[in-house]
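Beneath this line is the structure, given in structure tokens, with notes to follow.
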């Protein structure tokens, strides 16, 4: 997309034309983040894709010019030189620990850029697992690795949080009217469960709502652990204190078994995206795209 097409002309001119590179399917715009890559990236400036461009920015505009010149006398040989890739020395070897420490230090010291990463997401999108992160794609096959949660266990964790809040509200309203459904010891245990699990979830999730920075799905994982702890504890509370007879308890056990089987089935289905093996076809990958907002990569064959 030529930004100054009307100001200049319909032609794409070297140096004069300001061009935006827009991805056809996602409408993401290629831009310069302004952050230099580490030494193994030859200190080149990082290029990212901004999902939702906000207004005009100089980092979104590109110009075209040629800095390399052929040395051959013949025209065809000179054109072949200009169209050949720039030579980059890839013989430089860096140990794993050197690269690891360099990346860790880079993450600690780099200043926050204003650009939005392709796989960034808002905190409210984490609860519904509205996004994923693609980490690796095989050079020639559909094998790939993503950070993507188990949709069933994710949903169970969210339901546990909602169920605890509703149950706590009912308990408190009844206790204000002098109706004690739980003994003092069981009530204190229920309150402690909320302080640890619900409080831990809030402490690890709510601060991200106030942060003006690029956030990703993995920022939600510490908070999610507290919900995974809440689910079995809340299940034990319901089994012990709410269901006293045999029939409701047996029904609860059957439902719990069905949920656990669903969690395992979902885990098994998403294993190829989690571990990168085995390779799936394009149709199989499309079947795993349970949400339209998920960005699953595949090659059409």
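Just so you know, glycine gets a Cβ as well, placed from its N, Cα and C.
Remember, TrEMBL labels are computer predictions, not curated facts.
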Annotated stretch (transmembrane segment, per TrEMBL) among the listed ranges 107-132, 185-210: 185-210
Within the predicted model, mean pLDDT of the domain 'MIR' (7-67): 75
